[in-house]
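The structure under discussion appears below in the form of structure tokens.
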């Protein structure tokens, strides 16, 4: 090691500095740049690699010459601290010299680890003080001390690094800028008396971010995320672009509509005007006359359209008052419209906005929300996920490549160091082992198998701990007392390791889970006693298990296993519960019983694998998790200091009683919870409260920062977890001993059952043998003439073949059993053959063969089984059994019938007729016209269901038509089914899954018809909704999607069960914590809860005289049992109604006690932990497993999209070709001067830019509009629109003059022409018919539509085209998946109409969203699809009691009575739909993200696609407009630089192009094919496959372009360059010769000539160097 100890480490001295300066000056004069890059292993902040050895103590904290060649001549030096960490400093351009004692001292302080630790501790202490609202008395003094430490740090860095100049100066690091700014503002705030500088106190909170540069991992992740954010720039711009467009459209459609309310219209005797005519904005008198629905805070909205909300009698819809939600929800100006659209994009409380707009504007505008909430939100989310996934994959690949590029000397040095360490440890171990007693050695030999399995872990732990500890632990923790004890240990080991013991323990765990899930409220005393006894029994069983395992394995071996440690903790917890006493928090302590559920993981390999994957992922991403927590803490502190005081001073603005709401920022805890709620996507309601107390200027920037940055970090973490879980492979799970013991126990049980069955069958077999012998004798004697010997020989051959195959199967099974130590459950399952039938068949065949004359055949058949009553008989497949059975039946029937030859001929004729009928039916069924007819009938029968709404009884004609149509559809489908039975046969028909579905639908048709015939069978009509499922089997697009969904989701059942297990644990904990505590006493007059000062418990509530109708009410969503707990957790997981559930939990006190405001405030943590552990992590597990299955199935399908059909794959390729092709064919310039001038004008890029600027100005003119603007503003906007119409018309006319008919060959031109036509129509039509039929905003919306020109591939930014490309390529798959979503919505909409049409309106079911008609049902299901407001609809369906609904209510126009809901059906309905739609939507996101990754991988791969060649020829057209297939060699450099990657060659590229040796024709021209082949070879390299591709390209091109054959190259680029260089050398030599001749003639001027010669020689040498460099670069 001595030789390598000082390798590369040289002290930095004055001579070193002088040498560096000389090298730098020399390099600067030569103007020669070396292509060097910084070494990644020698970056600042990293450890010095082992190749440089251990630096001696004299070199620690001293100046050293930089070992990185990149920095060697950069006037820098490096310093190492005790931990070998690298620091770099500038050697010059600083205030002080590096050899100055003051600077050297500051450098030593700066690099010392204690200095960094001091700063980190100071920052953490400062963070604690920032989160405090009331500081202690000594707080200001400590803050001044911390400020002094920060100031001292800045001074140290300024002196050590220099102020400004140099590569490593103080202000060269952005984090130093942050430190300096924060410290400066803190000084100003601390020592200044100015009031307006109070905002600087908020800047002090930026000190929290100082944690990032102090942690290298955090700093590294911050750099990665910053780089990722740069890639997201295009997505952010595109998002803002779409948000702006939709905001402007929303302004034009809904401006002022949300002010329309139902106002009480004055009667004839009333003279008072109820309108606000005073002009005073604070005039609120008319609010008393608005119409309010029961329990609603805001007045009922209305509209003047027929499909909008209508006012009750006595009220008129008038625009008056303010907008809803304190006036913050509206489209009256661009800012509020942008906020509303951003809210829709993030899907925060969108159901309220849906209702408001639909009530005020009409149901037709639901299309607008479908586009925004589904398409736009999905597309933007897909863009962000795709770019983030690409960035993450790039980082993974970069890290993998960096790991592969470790230098050989580094690896060799590491190996030497490790070998040296091992040798030293071996010597130490040998010395210590000699001192060990023989008892310890004996105990080591007697360790059981479980301890030996963890040998590697023990070795690792020995390296961390001293050897004396192991000697001590093994002396006390390995029990070898006596021989009797060892015998007892062996006996206990046999018992506890027996497979049936593990089976018994697993059964106990499952039973314990059932007991835990049985707890509910209210619970009888008997049930409570049973559960308590069960808890004691299971605690005793688990305690016994632990004791037995400790005895069998010794404590030392027992606690080496992680699962044993977990089991012991469960046991200690159970024993602690037995201690008497009722202390505070007992329910929380008892809730940890739910952790017993995870004991199943020991016997469940999938669970173990997922937990290991999760642990590895969290360890790898710990810095990212810490970064997310740092930002959360920072946001909470900023919210506390910026907005906290306002929630105290202005709280009366949000509540009439001046009580702070549950969600505020007055203290750090609530501020943290508020930030967490924003991370969960719920922010709009707290933003309204913030506006009320603090104003828009303070709240908007804070909320936008938290939403954008927080979601960015969460998405990146989520994708990282999904990527790690997508590598999960269920097939490679290694099972532990417990899991194998379960298989052994089950195999033994199955073997015993099979043995018992075989014993029973053997007794029956003897009786059957006698019977079959008699039958066979009769058959052989009497029927031998009816069957030829060939038939019997065929039977014998068949049985011989079966014997061979059976023997082979038997041998294979035996081999498998001998190779495996554990009996395979799959083998044991196939051991019992098909009970009695196969035995009988074998016996029959044996008798047949023996009686036919072959005596040995019977013995051979009998020898094929191991014994007569063996449990390992030959396994006969079902098809073979059926064949033998049918063969025997045929023989027996022939014996019984004794058919004659005439009968046989008649039977053969009938068989032919039957066969012909089958063929005819097959032709009919396979006919395309028949398929189209059935498809049409299927659509008609499905569509007919939509007419059966609550108004069907009032439409007698439609009802009768539907009844007859149902009968016709039923007969048609029955006929189709019969035809398919005839064509395919029963077996083929019922083995096809799609035909089974059709059979089920036919059954549904028949049952529905039967239900109409009888009154008692009327419930059968409600299953008619299943008829729509037949659509799936009729259309290939849906079949493909369903098949792909099954392939991607079914294999994830194991992972889904693990997630369900986690939810079960949280549900049980919720029952323990909150069961029976959600009850409250409600004041029926106000609808609010009584304060605890008036009512404290249930008895006081029931004793109130004025409250008689069930005052003590329970929340509809609670934790009283495990079922309703799951539903509550589902609402929390979907963030629907979760705020109400959390508020109830936080306010809960005890059972039968009145809730109090935030009495149980720390119960917030239950929901926070559930969202993190019960939602975020399981979601990443499940999606990761789906992604893994998606990729597997995609590979099986050949790498193509699995959600499209074969025809769509061709469309996909055509669409991809269309996306890359030019949108318009080039038009020749007209010969006419005037037309030529206009052609040059309209085809100029400046003209397109001017048009784009006009479009943007037109959008700005819409932005400045607002509701109730002045008439002068209306007139000005009218003339502005007129000007834009004239300009666009002029553009259209100019293009028509130039392009004439070619103008309409482009879709963009047609679109522009239609915009101009409609704009002119919309501008002048209102002047004739008025503005009532033509709204004034129509012209603006039409003109605004031209803004989509920004997305034009040629006119708009290229980044937009790149972002739109994956979406366009995924359109076929999206269309198929959308069709399936629509079908699912259709089926559930029909089901909802049958079951919830008459539910009492309330909550989420109202006049707009209900199940009365098909359209309203679809609207409700759209809300559920985007997970918005389904809790409110379920809340209305929960109305099933007499107090909430009337079961005998008469519904006019129908025979149905009552308006009550069905909670159980409602729960199943919504939960199933949520799961199905979630699975479909997740696959949509996967398709989009995978398309992004596919495009990115193709760009990175060294391959060329058809698109790359197409782009090549597009660029070629610009350089060869005459299509000569040649370009001049002088244009070659520009052409190569104009290409797109990977063919792109950046300038300077002349040297590389020359080195390609391209053939040149006469006139220094180069052919396009030669250039393409050379560039292709440059990208893809040289191999055999590449040569074949090049030859195919050349032959294809030559066949398509025969002109290439006639051309012969006269030279190449390399030869031409050599000729040029040679000519130059000859010319210079000749000039030099002439100069020397002149020197002889004029010797006086020799000095001047010598100077010229030196200059010429220098120029020649420079030229040679340049040529050499170009050649080397081209070779590289």
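Cβ from N, Cα, C; glycine included.
Automatic, uncurated: that is what TrEMBL annotation is.
Among the ranges 1023-1045, 1092-1114, 1207-1229, 1276-1298, the one that TrEMBL lists as transmembrane segment is 1276-1298. TrEMBL tags one of the stretches 927-953, 1413-1439, 1440-1466, 1467-1493 as transmembrane segment, and that stretch is 1467-1493. Checking the ranges 1122-1141, 1502-1521, 1522-1541 against TrEMBL, the transmembrane segment annotation falls on 1122-1141. Your range for transmembrane segment, going by TrEMBL and the list 552-580, 581-609, 610-638, is 610-638.
Residue ranges 877-895, 896-914, 1333-1351 are listed, and TrEMBL annotates 1333-1351 among them as transmembrane segment. Remote same-chain partners of the transmembrane segment (113-132), defined as residues 6 or more beyond its termini with a Cβ less than 8 Å from a stretch Cβ, comprise 81-83, 85, 139, 142-143, 146, 149-150, 153, 156, 204-205, 207-208, 210-211, 214, 633, 636-637, 640-641, 668. Outside the transmembrane segment (1276-1298), and at least 6 residues removed from its termini, the chain residues within Cβ reach (under 8 Å) are 1227, 1230, 1235, 1238-1239, 1241-1242, 1251, 1254, 1258, 1261, 1265, 1309, 1312-1313, 1315-1316, 1319-1320, 1323, 1339-1340, 1343, 1346. Sequence-remote contacts of a segment are chain residues at least 6 beyond its ends whose Cβ falls under 8 Å from one of its Cβ atoms, and for the transmembrane segment (530-550) they are 492, 495-496, 505, 508, 511-512, 515, 518-519, 523, 558, 564, 567-568, 570-571, 574-575, 577-578, 593, 596. Long-range contacts of the transmembrane segment (702-722) within its own chain (CB-CB distance under 8 A, at least 6 residues past either end) are made by residues 225, 228-229, 346, 384-385, 388-389, 392, 617, 621, 624-625, 627-628, 631-632, 635, 638-639, 642-643, 675, 678-679, 683, 687, 690, 1176-1177, 1179-1180, 1183-1184, 1187. For the transmembrane segment (967-986), the list of distant contacts is 917-918, 921-922, 924-926, 934, 937, 940-941, 944, 992, 995, 998-999, 1001-1002, 1005-1006, 1009, 1030: same-chain residues at least six beyond its ends, Cβ to Cβ under 8 Å. Residues 966-967, 969-970, 973-974, 976-977, 980, 984, 1017-1021, 1023-1024, 1026-1027, 1029-1030, 1032-1033, 1039 of the same chain sit 6 or more residues outside the transmembrane segment (993-1011) yet have a Cβ under 8 Å from a Cβ within it. Mean model confidence for the domain 'Ion transport' (1245-1493) is a pLDDT of 86.
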